[in-house]
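Written below as structure tokens is the structure these notes are about.
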Amino acid sequence: MQTAEIHRRWLDFFARRGHTVVPSASLVSDDPSLLFTVAGMVPFVPYLTGIVPAPFPRATSVQKCIRTLDIEEVGKTPRHGTFFQMCGNFSFGDYFKEQAIAFAWDLLTTAETEGGLGFDPKDLWVTVYEEDDEAREIWRRVSGLAEERIQGLGKDTNYWSTGQPGPAGPCSEIFFDRGPAYGIDGGPATDDDRYVEIWNLVFMQFLRGEGTGKDDFEILGDLPKKNIDTGLGLERVAFLKQGVENMYEIDQVRPVLDRAAELAGKPYGNEAHEDDVRLRVVADHVRSALMLMTDGVTPSNEGRGYVLRRLLRRTVRAMWLLGVEAATFPALFPVSRDAMKAAYPEVETEFARTSQLAYAEEETFLRTLVAGTSILDTAVANTQKAGKRELAGDTAFLLHDTYGFPIDLTLEMAEEAGLSVDRAAFDTLMADQRARAKADAKAKKTALADLSVYSGLRALGETVFTGYTELETESSVLGLIIDGHSANKAVEGQVAEVILGATALYAEAGGQDADTGTIVGPGYVLDVLDVQKPVRGLVSHRVLVRSGEVGVGVPATSLVDADYRRGAKQAHSGTHIIHAALRQVLGSNAHQSGSYNKAGYLRLDFSWNQALSPETRSEIEEISNSAIRQNLEVTTRELPLAEAKALGAMALFGEKYGDTVRVVDIGGPWSRELCAGTHVARSAEIGLINLVSESSVGSTNRRVESLVGLEAFKDLAVERTIVSQLSSSLKTPREQLPEKIADLMASLKAAEKRIQAFEARAVLDRVQGLLEAVSRRGAVQVVAADAGTLSTADDLRLLAITVRDRLGSDPATVALAALAGGKPVVIVATNQAARDAGVTAGALAKTAAGVLGGGGGGKADLAQGGGTDATAIPAALAAVSTAIG
């Protein structure tokens, strides 16, 4: 039995029993806590938990899912796959245990000729929660199974909850016995390999309390409405019904496996276990990547895009290990498309886009593999030869930095060779690289051409910084640099670097951005674009000559933009305060790893490995603003380095220290750091700290961003305006806005679900009218009709299948056309008798699509075509009738 046929039988079975057929949701979940849709129940969670009233009492679906938690197990077991389809039937306060169990047993054991799945009852076993006597008795009565074939298991396997207070309940699982060749007797409680779980029935009937783990929680009582949530693994049933060994060999996956084996010249199943695993990885990952890209995911270095990129790269490497070093995606992805398009036509309509994404990713990564694999192989061999078990961190860094080899791939390949990787050394080298990148950025800012130019000017003496105590300093021009070379003068319109004997302008350092301002002198005005320290002790001012002419040796007065400096001081002192607050809340392990501040804005990176909760963010913000309200004194002093360390001053800005360092105290010892930046005199001068963002900047670092001073007040004013407008528009007091908006969102989602259900019912309401339009072409019943305008091709497909199945066992063909998504689409469905008479849906769909100005095709029982000419729909339907005979 083909996978698509099992899919169809599932939906038909439950549709005939009053369930609303709900199309699969996207793999990209609406739930912000999930990267992907990971289970069939995910789209129904609001209904199952009671957050939103269900728009229907019963529902059924076949849901696309992605799980990559066990990605390393793919190909090694018969059951692990990254993409899978979960068949589900759901009851929202309607039927409960008895009906759910009866439905399951009926569908599984009804003969294939009567629309069931045709499992022999003697091959089926059942597990129930050990204390659920009700379920055990129902199974005994409904199935007639012997007592020993209904096994009671504990909470860890047969009790469902969300892991937190809320709905919970026992579950019952149905297993298929593959026979003694696969393991020992004794049922599912004894051996997982022999007994394959195919269906899980969850009986949501209780309210659970606080607790940890799978079984350490209290049951508080019954739920007011009892729900049913079941899941049957489509791929698992398919491999059992198709008589193959695992899910990689079913009709939707095996074609890719065979094509990969053909490309590699290594037949599948020839006892070469490692090669078979790699072929299964290719088959699984190609299908998963194709489905992800069809649902809009694109390769990237973070989030969903990174998961996709990893799947694609693992596929490339698996083919590489099979001996194929050329591009294979152009041969593999069309095969997967053809295997999946009958169930998901969007796979074909989106293929031009998705295939180009895949092919480009493969081309890029092949270059990486060519360069990096030989180096890694050599390093692994040398490590093993030396009797070591850990690959050096500098090797992993070289692969990452020079060849673009992702660290997760290095870890994976090293593990395959029985080695670990010195991750700590790798992380240190990455941190050093970031520091060098920062230095390179500084070099670009100062337009470095030859350090000797700066060194020569440095020989004249260090630049004296006066900006701690004044915003205006008189000095003289010691040197000029234009395009990296010394110059005697700069004229109006030129960009130059100016070296002064003394300056009030702060050069970028310690995370603080450079000051803005001007330099003026006799007959000239210079706008300061940037201020840097190209060599130790020398300050370079990058300027635009606004007017006049400036030459070496002339007097010069540096003028700091007072407003900018005020904002910069607020931000830098605010950084120290937030850092102290972070450590107060999170502990001493949360220490600063980087920062950047400029007028009105700061960001602070700190060592921490998980996101901060909203409550933690609020606490940090409150402690910070409390320090501002206390108007703490800010003092600076210069001390010997050893004395500063003895006082507990923290070294943060990553520069090499001299014997004497500058210590900044805020509120005495409350905050004490080594710092060369500019600061307010008292904390109240900061005004306000407004934490606006918290995010990840690596596996062990987080980043907070904040507005300070005037910018913080401006941001709050904008928020206040927005809140006021919302309050007015929604006629709701502002303190009730969150609840009101949540209610509106819930109502909107409920309305959308009701619309979907209404549209599905509206489609099915057309069935009787179409049945009355049946005609005959020879011995074949024919329904060829224009269905008007529908939301999606899925609606048209459901309508065609339903009409076909209602036409009975005599030869029947249904051809329906409609405008779906603004384009003409035709669906052709044939029953077995029509196919026996030589009428195939694929050929008819291709005929109709040709008239519509497009293309089409599919399988003998169900096919789709489309085009661009909607006016040709009548002619296309006529062509189908003519082609039948």
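Keep in mind that glycine also has a Cβ here, set from the backbone N, Cα and C atoms.
Going by Swiss-Prot, these are the annotated features:
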BINDING   H572, H576, C675, H679  Zn(2+) binding site
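The Cβ neighbour count for H576 (Zn(2+) binding site), using a 10 Å radius over every protein chain in view, is 30. Taken residue by residue with DSSP, H679 (Zn(2+) binding site) is part of neither helix nor strand, so it is coil. DSSP gives H576 (Zn(2+) binding site) a helix state. Other than H572, H576, C675, H679, the residues of this chain whose Cβ falls within 8 Å of the Cβ centroid of the Zn(2+) site are, in sequence order, Q512, K569, S573, T575, V634, V664, I666, E673, G677, T678.
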